[in-house]
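Participant: First, the structure itself, so that you have it in front of you.
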Amino acid sequence: MSPAPADPLEYKPLDGGWGWMVVIGAHISIGFAYATPKVLSIFFNEIQQDLGSSFSEIALISSIMLAAMYAGGPVSSAMVNRFGSRPIVMLGGLLCGVSMITASFGTSIIYLYFCIGVIGGCGLSLNLNASLIIISKYFLKRRPLANGLAMAGSPVFLCVLAPFNQYLLVNFGWRGSLLILGGLMLHCCVAGALMRPVPLPCKPPSYALEKTVEEQPNSGNTKLKKRFVKNAKKFLDFSLFKDRGFVIYLIGSIMFIFGAYAPIVFLSAYAKSQGVEEYSAAYLLSIMGFVDMFVRPGTGLIANSKLVRPRIQYFFSFALVFNGTCHLLCPLIKSYAFLVVYAVFFGIGFGMVFALIFECLMDLMGSQRFPRAVGLVTIIECFPMLLGPPAAGLLVDVYHDYKYLFLMCGSVILTGGLFLFVMNIYNYHMLDKERQKQVRASEVEMKLTPQAGTGQTEPEAKERNVALRDPENTETTD
Amino acid sequence: MQSMKLQHGMERELCLSVCVIQLWMESATRKLQGDTRAASLLQLKGEGGGLVVLLHDAASRETRKRSSERPAHRGDRGIIIMSAIRKQLSFQILLLFISCRNINTKTLGATAPPLDPTAPLQKLERSYVLKGDSHTEKVELLNPVSLVLMCTWTGSQNKPTNITGFWSKDGKEIENSRVTVQLENKQYNLKRTFSIASEADLGSYSCDFGGEAKINFVLAVPQMGDERDKPIVSYLGDSVVVPCKLDDSKPTPNTWNWYRANETGKEQIIAGQKFSIKNDEKKTKLVIHDLTADDSGLYYCGAVYGVGITMGRVELKVISFFEPLKPFIAILVEVIILVAAILLYEKSRSKKDYTAAGNGATDQTNTLSSGENNGPEESSSMRQRKV
């Protein structure tokens, strides 16, 4: 199936105005989603002492939360398609708040697994997907910039929440801190309130299925159930796998996620093994986060430019290659100064990739198929994310040397980047061929019937092709 | 034969009563000291056992004596046996109480267990060659030792043949330690043996060469690592675990003690209903149940070595649950206000547009330009609002 979408966008997205408030809301939402599992680890020492469990049992809380956040993707996308982003983000914020508040009364580790891990993770997954989807609805021309700004929420909240959590822990203990953190997460509800629903001019035929469900509430339970099942199947849409571009993107991003998180987890341990003292080793991660904060919007700005926007998939593969080489070069350096430089470049590479990772998917899929696509991508990304750091840890245990970890991660990411680059060239080539075939076929039809005004459609590939040949035309509005 | 049976019965009863007394003593001591006095417990058991043996011996001796005399009546013999045994019993009980008192004084002191004075002290040697004017050397000690400290000084510019050297402890000169040091192989040597038996003997020992050069040997038990400067926070009515950890590189202490800071210094904590102590080689945990506001304050964990105790401190803060609740409620109120404000703002804008649209929306263009003007955007969004 070529990316020329069957459902063209019937309205022109705002690309500004209230859209920037939506970006702020998405910033908050995504910030909590990515930062919370990481900053919770500050409490783990205290919780471990009070509940008397081992450190690996406690660390499982973070893993369960991350897994639930990614695995909840398809459900979240389905709900957003049905109800719109606003109620879903508000519900997600409520769930997160409730999860932290109930966790503050916990007396056993299983209780914490359920409260923080499952309920919190579900809340965060609702937040994450809904925020991404609404950005794709509100922006087209400035979408890379909007994505970059929204994704910058992750390092910003990480840098803010980490010292704040320390402060809370010292003053209120871990129970009080979880309670107050729950209150803070309720701000996702505020973010949800900002996400005003996007107006749809009229229901295009693709929504007929949901529409019939809405219009026939009394039509008997069995019919409803059948429709729901059909809906469910539709939202875990395996037909997306027929899309070449999607499969290429998926493979590239799986390879990236596999190698991306392990260096973060092991960076301070590696620094300590090189003789750096503990405080400076922890400082490396803050440097990385700080650089990340500025790189993400910057990358969005670059990706938005006339030069890069049509070739954004290549820019994405460049970012992956940059990241991979960064990791490959790390074991060569031994001194602290060079480790700082590595942390800076790591921050740059990491920020670039994450600013583009969802923008590229939106670019490939278009605003209509993006919700389903993002749900599928997040649930598939769950596996490399959970497998990556333990596999790297295994390497460290077997060889007793951190350099193999960096070599593995770097090579996996580099291969992913190169794969994306090559396959994208091939993909565009094939798309061009298909387009030319289509154009010739429609030319024949045009001679028989008048061409219906398509207005502003959103065939991303079409735009891109046009842009590649004629950059000025991407800016024209109708 | 029946008298023998009676005799055995008496013995058994007496043994039982001694055993009961012994058990009572054991439980009392356990309540008083917790696990840390296992050594003295064994002593008591040994003594108690010894008492039982003594009693056995005494009773059997008496019965043998009596049986050899062949008393006239069975009853008489029984009475005689009983009186003899009663004498023995009173004597033994007296012994028991004396040893009990002995144990009591041993357990309540917060010092290291007393040494066996007859065992020879381990010998340890420490030396240092000084090139400048002063140096400090750390010596880590675990158990009582006989320490030989040797100081060597290469001398200053002019090297007189004889200088006066002396030793001092903690800044105060040790009596009769002044000696004349001769220059041998261009070096001055001072050597002295110290007997380090208890915590009082630890400190800073210095050898001083005529006031010009000084080497300090700081004798101490292995110190705790960096203690946490942040307090442990817990809530009223909750229970908390206060941990203390010794660095892995340091040797395992004999045992751990916990102390509570009060006005007059440190007071040892005894395990009971409120406190329980869990020791695990290089780690220890103090569990405090049913926290009250009085439980806030400083707690000290002491790792007990043969020659002294090394202290670590932890601060505990007990707060009521209302303290975090106040900021939480403030945040909750703020969130509700923000959400209400945003939704109300939106409603008011859409109402305005309804009225504006009613008055003539023909001028307003259909296109949603990407500029910052909200007018046309609002009207079109009103027209096509998705609920």
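Glycine is treated like the rest: Cβ placed from N, Cα and C.
Bear in mind that TrEMBL entries carry predicted annotations, made automatically and left uncurated.
Note that the structure is predicted; figures quoted are calculated from it, not measured.
The compositional bias 'Basic and acidic residues' annotation in TrEMBL covers A:459-472. The domain 'Major facilitator superfamily (MFS) profile' annotation in TrEMBL covers A:22-428. According to TrEMBL, the region 'Disordered' annotation covers A:442-478. The annotation transmembrane segment is assigned in TrEMBL to A:18-35, A:55-75, A:87-105, A:111-133, A:145-164, A:176-195, A:246-270, A:282-302, A:314-334, A:340-361, A:373-392, A:404-426.
Are these features on the surface or tucked inside, and what are their neighbours?
Facilitator: If you look at the transmembrane segment (A:18-35), the same-chain residues 6 or more away from its ends with a CB under 8 A from one of its CBs are 69, 89, 92-93, 96, 124-125, 127-128, 130-132, 134-135, 138-139, 142, 146, 149-154, 156-158, 161, 185, 187-188, 190-196.
Nonlocal intrachain contacts for the transmembrane segment (A:87-105), taken as residues 6+ away from its ends with a CB within less than 8 angstroms of a stretch CB, comprise 25, 29, 32, 36, 76, 79-80, 111-112, 115-116, 119-120, 122-127, 130-131, 174-179, 181-183, 185-193, 195.
Long-range contacts of the transmembrane segment (A:111-133) within the same chain, counting only residues at least 6 positions beyond its ends with a Cβ under 8 Å from a Cβ of the stretch, are 25-26, 29-30, 32-34, 36-37, 40, 47, 51, 60-61, 64-73, 75-77, 79-80, 85, 88-89, 91-100, 102-103, 150, 185, 188, 191-192, 195, 358, 370-371, 374-375, 378.
The list of residues near the transmembrane segment (A:176-195) in space but at least 6 beyond its ends in sequence, with Cβ under 8 angstroms from a Cβ of it, reads 21-22, 24-29, 32, 36, 43, 85-94, 96-101, 103-104, 123, 127, 130-131, 134, 165, 168-169.
Long-range neighbours of the transmembrane segment (A:340-361) within the same chain, counting only residues 6 or more positions beyond its ends whose Cβ lies under 8 Å from a Cβ of the stretch, are 132, 143-144, 147-148, 151-152, 154-155, 249, 253, 256, 260, 263, 267, 284-285, 287-300, 303, 312-313, 315-316, 319-320, 322-323, 326-327, 329-330, 333, 370, 373-374, 377.
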Participant: Would you say the transmembrane segment (A:145-164) and the transmembrane segment (A:373-392) are in contact under the rule of three or more C-beta pairs closer than 8 Å, pairs 6 or more apart in sequence?
Facilitator: no
Participant: So if I exclude everything within five residues of the ends of the transmembrane segment (A:145-164), which remaining residues of that chain have a CB under 8 angstroms from its CBs? That is, six or more out.
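Facilitator: Apart from its flanks, the transmembrane segment (A:145-164) reaches 19, 23, 26-36, 38-39, 42, 131-132, 135, 138-139, 286, 289-290, 292-293, 296-301, 303-304, 351, 354-356, 358-359, 362.
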Participant: With pairs fewer than 6 apart in sequence excluded, do the transmembrane segment (A:55-75) and the transmembrane segment (A:314-334) have three or more C-beta pairs that lie under 8 Å?
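Facilitator: Judged by the Cβ rule, the two regions do not touch, with the required three close pairs absent.
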Participant: Counting only residues 6 or more past its boundaries, what in the same chain has a CB within less than 8 Å of a CB in the transmembrane segment (A:55-75)?
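Facilitator: That would be 33, 36-38, 40-41, 44, 47-48, 109, 112-113, 116-118, 120-122, 124-126, 128-129, 235-236, 372, 374-379, 381-382, 385-386.
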Participant: Summarise the model confidence on the domain 'Major facilitator superfamily (MFS) profile' (A:22-428) as a single mean pLDDT, whole number.
Facilitator: 87
